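Residues or ranges marked as L-tyrosine binding site in Swiss-Prot: Tyr36, Tyr175, Gln179. Positions annotated as motif ''HIGH' region' by Swiss-Prot: 41-50. Per Swiss-Prot, the feature motif ''KMSKS' region' maps to 235-239. Annotation comment: Swiss-Prot describes Lys238 as ATP binding site. Here Swiss-Prot flags 354-411 as domain 'S4 RNA-binding'.
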Amino acid sequence: MIDNIIDYLYERGSIAQITDRKKLNAVLNSQPITLYCGFDPTADSLHIGHLAPLLCLKRFQKAGHRPLILLGGATGLIGDPSFKDSERKLQSFNTTQKWIKKIKLQIALFIDCNSNNASQAHIIDNYSWFSSMNILTFLRDIGKFFSINKMINKDIIKKRLKNDNYGISYTEFSYNLMQSYDFAHIYKHYDAILQIGGSDQWGNIISGIDLIKRMYKKNAYGLTVPLLTNFNNIKFGKTEKNTIWLDPEKTSPYQFYQYWINIDDKSAYHFLKIFTDISVQDINSFKNRDHSYSQAQYILAENMTQLVHGKRGLNIAQRISQNLFSYNILKLTLNDFHQLIQDGIPNIILETNTSLQEALTKSKLATSRSQARYFIKSNAITINAHKQSKIEYIFQDSDRIYNLYTLLKRGKKNYCLIQWNI
């Protein structure tokens, strides 16, 4: 049991913003509460950007509070404009409902929805109340509480209004009202007094708190977790490239494991605090001893892969990594190669007599022929663990292991297994 959940989350770097910390702390320490976090079905899987709020909910549940998970069957049809440069592609109702079914299964991996006690989590869908609300009710009973002056002064709205190519549609403009009403509805019908979300949701959360104050004359609270960003400080999202999904069919356990292995040193310890249950004292102690930071990524990768893909997924990822990074490729059996493909190693099917440049571009180890030539010339390319620096190299029969496979590598950590179409 976590004694003081707010202090605990602050210690682990899991809070970006919070409303009225002192009052919220007092409420949390006096009684169990109901809180919620919303996830819009904008894809058929959650991604690693969703892990921080999910694990925050899990920690509140461990502290004895009841989490609700709101899936945006309605808001997902509209699209959140927060920190998006252009309007999202609108999805059909049938598509979003299919995605919701898959996302429910993923959420159940992290949050206890079956304990049958006071802190048991529940999953709800805002389509259940928005689908029965007519436009007059929405405009008269909700819209009257919102000032256009305040709405257009929000950073994201101002940014989109200045964009001559995209601007913002009334559809997306109304998203803030819908998410705000979600909080008011859940407050009234489920007694939820706290909403959590990513820090990009701060404005929407504050609007919901204000709406509850106006409609019911009651206090509610908000808390945001830090956004997970990549090396260039860009938020991970479904429309960004290189998204790391929680679905093993979209991002294999091996690829998932390698993502955490390859993060920058500074982020490794930060994520150990946010995503694992290793004590902060142990993390700091280890950090002080490990000046090279070499082990933090491996500890993080093991914990995260087991959390999302289980022990079996972790074993698969570690086995592939061990074989590839120890240069044991020539010692693998034919069955091992079959298993590597099943385990999710990046692979591609090519015709014989393919050039090295073509293989590099088709395998996405290079983005263009010119970049492929640069990598070859820089001595960054190996074929079956042997360096290859001939720019016009054509694959030979001797490059095919079991006459079927070739391991192409760029640098130390980027691989693709070629399957030859014989």
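Any Cβ shown, glycine's included, is placed from N, Cα and C.
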Inset, instruction - Determine which residues of the chain contact the motif ''HIGH' region' (41-50) at the Cβ level, with the cut-off under 8 Å and only residues 6 or more beyond its ends counted. - result: 71-73, 76, 79, 88, 91, 96-100, 102-103, 106-107, 198, 227-228, 235-238, 243-247, 250, 259
Legend entry - Cβ-Cβ distance under 8 Å to Tyr175 (L-tyrosine binding site), same chain, at least six residues away: Thr75, Ile78, Gly79, Asp80, Pro81, Asn204
Legend entry - Counts by DSSP class (helix H/G/I, strand E/B, coil) across the domain 'S4 RNA-binding' (354-411): 19 helix, 14 strand, 25 coil
Legend entry - Cα-Cα distance maximum in Å, computed over every pair in Tyr36, Tyr175, Gln179 that the record assigns to L-tyrosine: 18
Inset, instruction - Taking the Cβ of Tyr36 (L-tyrosine binding site) as the centre, count every other Cβ atom within 10 Å, in any protein chain shown. - result: 24
